[in-house]
Every structure is written in structure tokens, then in C-alpha cells.
Amino acid sequence: SSRTHSLSHQHHPSPPASKEVWKKGGRMFSILLAVHLALLACTLVSSGAFEKIAVHDYDVFFLLTVMMLIVIVWIIFYLVSTSRSPDAILCKDSHAGPVWLRGGLILFAIFSLVMDVFKIGYYSSFYSCLSAIKIIYPIVQAIFVIVQTYFLWISAKDCVHAHLNITRCGLMLTLTTNLAVWMSAVTDESVHKAHSKLKKNVTEEIFKWLMKAGMRSGSTEECNCNSQICQIFKNGYFWLYPFNIEYSLFASAMVYVMWKNVGRFIDHHSHHIHRLKFRLFRRTFFVGIVLGLIILVSGLGVLIVYEVRVNSSHETSKKNEALTMYYIFNIVCLGLMSLVCIGGSVIYRFDKRDMDRHKNPTRTLDVALLMGAALGQYAISYYSIVAIVASTPRDTISALNLTYALLMIAQHTFQNIFIIEGLHRQPPKEDHKHDLRQKDPYGLTFVNVNAVSLRVPDSGSTVTPSTLPSIEAIHPSELVQSLAGPKKMNWRRKFLREISMFLLLSNIILWIMPAFGARPQFDNDKELNFYGDSMWPAIVDICLPFGIFYRMHAVASLLEVYI
């Protein structure tokens, strides 16, 4: 017993002392580098969108090309030199880069590569009247996507302890490059949508005059794109922009976690390892899956009708019908999601799992991204509420739009509470097996409740608390409670899984709809008339990508916590 007592008080060895003496200084230097590069890229990207400013789009492409080439060189240096140095990677962060996040990154990378192929084909049609950088840029971007995706797939979990300052600066440069590419894609897509809307509403002569007075039309407007293959390339790469935007945001999140893990030591005794297990159809009532599939299929139907009636038709009646159908679907979907999130938060009040208070950069980033990305949709909703309340007259579409905006705020809030609470819970364990092993030192699984005393096979003597001081005595009532406990826990976990499956499928359709063109913010004239043709599109163009990214990140967080 004394030996057992001494072993129970033995401390685990502490992690080795870090050789780094300038950790905060190294981080600060890399942050300053990222801030200055981000401001420079933001200035060039925003200036290149307007005709009157003497900054051309090929100037932006040149900067982005140089940044991507530097990142490619650093990644090759990391893979060849840094990661292979002695004691370079002493431990790995099991929470960083889960397989579904890396799988989503690869999916978006594939579509980004297809977009680059379309861009190369489109710009190659005008090689005689375009700057060479417009053809070089998509080629370099394709190489950058391939190299970075491979780098993040094999190195996302690394806790690097070699070339610390170079690694921090390289990761921050990678992060800044992804954000700059994201800003460029968002600006390019916004300019394209603004031009398309102008062309739809005005004649060709007025459109040319507006291009000279305001936003840049792009140098490709001066070239003829009359062939069918050219039109396919042009429409194709604009349709694939949302995937490239999401790829840049996903990569930025994974690179930030790597940056936080530079020089970090992990306590493996408190660091739980999560392995992907495909148990979607185990221990479930299928209610969440069925309801989620109904929402998903219905949303796809609404998206198709919306695209046909709003984006391809000029009749006001058909446009109003499509907007009404869109708002009704979203009101039902957001209302159900809000209710199940509230129900999940109530179930948490009965959950006995402990809170996980260990240091976890991945979880910290997940929470920050959920809260930060939700601000984009919050901003759009509040701007819509002000415009609808302050404007007259008020029709049916305005009432539906107001309800939609209010429910969007409520749904984001309740879903964030539900997901963040799940992120801070300990992972589910087989509590009954754990309890039985603690109370039964001989590994017995089936116990006669009436036989309170346990017999030792070798000596035949009865085990009592006096003979084993380190083992707690087993009382019949405690044994019955430990055996009955799992049944009480099961229903909570089943309901949480049903809720998570419904939220996962609902978030997917709410990501697909705006990503593929269902954006009532541009088609509802109430906000346009209230804020003007320049202010309101700028608000939507800045905030909407964050809302789209929020849906994808919510899906990844739900997979990580509940599935």
C-alpha cells in the first residue's frame, strides 16, 4: 500500500526548458512584418479597383506574384531544412489540422486550380493586348496552391523548435499572402458583379460612360471575347471565385495555428488525441439527418428557382416571387436552427462532463473565428434592419426581409453559444467502463450486485477496505448507479448528435446559396435605395465573404466536437 501511495504522488516529468530567450520579441517582429505587408496589399488592391486612381490591376498582380514566390521558396526551405533538423519537431498538436479541415482545404484547392486553368485560358485569348503578368499570375498561383496544400497537409500539427524566428516570419508571410489573395479575389468578384448589374440595367453607351467615370472595367474590356470557349473561361472562373476565397481563409486559419505552435511544448498527459471515427449512423434516431436532408434538398430547389427567376429574368413579378420564396425558406430554416441550438444549450445543463481548461491554440482560434466571422452577417443584418424600419412604404418583401435579418442575428448568436460550449467540454468517454475499472481492480465486467465482497482468485481471501487501503470499497448502491449511469448519459449524447447533424446540413445549404449567387442583398431595392448604389454594395462585398466563411467554419467545428 505504501508503494501504491508513493506512486500515486509521483509527478510527471516537466517538459524540457525552451532554449528560446526572445519568444515575445520574435512573435512581435513577425506580427509587425505581417501588418505592414497586409496594409500595403490592402492599399494596392483597393486602389486598383478604381479608374481614377493611377494604380492598375497588373500592379496588384505583380505584388501578389512576388509574395507567392517568396512563400514558395520559404516552404521548400522549411520542408527540406527546418523540419529535418535535429530536434526540430519534438511534439505535435493533435488538435491542429483535423482531417476534415485538411480535406476541406484539398477540396477548395482543387476548385482553385480549376479556376486558375480557366483564368490562364481566358487571359491567353488576349495575350496580344494584355500585360504578361496577367498570364504569369494564375500560373504562379496554381503552383502556390499546390505547394501550400502539401505543406499544410503534412505539417499542420508541427510544433517547431528550430529556426524559430525564420519560421515565425515565414508563417506570417504565408498568412498575409493568403489574406492578400483573398482581398484581391473579393474585389475582383465585386467589380465583376457590379459591372454585370450595370450592363443588365443600362444600355451599352451609358455603361461605357459609367466605366470612364467610376470603377475600372478591366483591360480585358478593350479586347474582344466573342468566341464560345472564351465566354466559358470567363464565366467559369468567376463562378469558382467563392472556392478560392474559402481556400484562402481556410489556409490562413491553419497557418495561424502553426504560428502559435512555434516553440510550444505539449503536455501529453493532458492532451487528448481525437481520431476520426465515421459514426454518423451509430447511436442516432435519424431525426436530425432526415430533417437536415429535407432542408438541404429544399434549399437546392430554392437556389435553382432563384437563379432562373432573379438572375436570368427581367420581369419584376417573377423577381418578387423568387425573393418571397427565398425569404420564407430562410426564415423557416433559421428558426429551426435557433430552436435546436437553444435545446442543445439546455441539454448541456444536464451534461456532467468537465470543462477542458488546458491551453489549446486551435480551440482559441476556432472561438475567435466563429465570433469574428459572425460580425460580417451581423453588420449586414443591422444595416438591413435600419433601412427597412426607416423606409416607406412597407410591403410583404420588406416584412420578410426584416424577419430574416432578425432571425439571422438570433441564429448566429445561439449557434455560437452551442458550438463554443461544446468546444470547451471534455471529449465523450465511456464513463461506465472507466468507473468500473477504478472500482474493480481485477477487471471484472459482470458483477453480482448481491455479492458485495470480491474474492481474490489466488488466496481465496475476501478483499475489504482494510486489506487494500488504496482501493475504495464497492457499495451495492454505488455499483447499481455506475451501471445505470451510461443509460442516463446516452440520451443526452444522442440528442446532441441529432442536433449537430441537423445544424451541419443546414449550415451547408446556407453556405451554398450565397456562394453560388443567391444574394438577395443585391436584388432587394430597399437597401440600395436607402444607402445608395455605392455604399450598400461595398458593405455587402466586405461583409458577405465573412458570412460565407462562418458557415464553413461552423460545419468544421460541429464535425470536430460532435461527429
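The backbone N, Cα and C atoms fix where each Cβ goes, and this holds for glycine too.
Automatic prediction, not curation, is the source of TrEMBL annotations.
Features as listed in TrEMBL:
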type     : residues : note
TRANSMEM : 28-48    : transmembrane segment
TRANSMEM : 60-80    : transmembrane segment
TRANSMEM : 100-123  : transmembrane segment
TRANSMEM : 135-154  : transmembrane segment
TRANSMEM : 238-259  : transmembrane segment
TRANSMEM : 280-306  : transmembrane segment
TRANSMEM : 326-348  : transmembrane segment
TRANSMEM : 368-390  : transmembrane segment
TRANSMEM : 495-516  : transmembrane segment
TRANSMEM : 536-559  : transmembrane segment
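Here the transmembrane segment (495-516) sits against the transmembrane segment (536-559); at least 3 CB pairs are under 8 Å, leaving out pairs fewer than 6 apart in sequence.
With a cut-off of 8 Å on Cβ pairs spaced 6 or more residues apart, the transmembrane segment (536-559) and the transmembrane segment (100-123) reach 3 or more such pairs and are scored as touching. Between the transmembrane segment (135-154) and the stretches 28-48, 100-123, 238-259, the greatest number of Cβ pairs separated by less than 8 Å involves 100-123. The stretch from 28-48, 100-123, 238-259, 326-348, 368-390 that makes the most Cβ contacts under 8 Å with the transmembrane segment (60-80) is 28-48. Long-range contacts of the transmembrane segment (238-259) within its own chain (CB-CB distance under 8 A, at least 6 residues past either end) are made by residues 30, 93, 96-97, 101-102, 104-105, 108-109, 111-112, 114-115, 118, 145, 148-149, 152, 155-156, 158, 160, 168, 171-172, 174-175, 178-179, 181-182, 185-186, 188-189, 192, 361-362, 365, 369, 515-516, 545, 548-549, 552-553.
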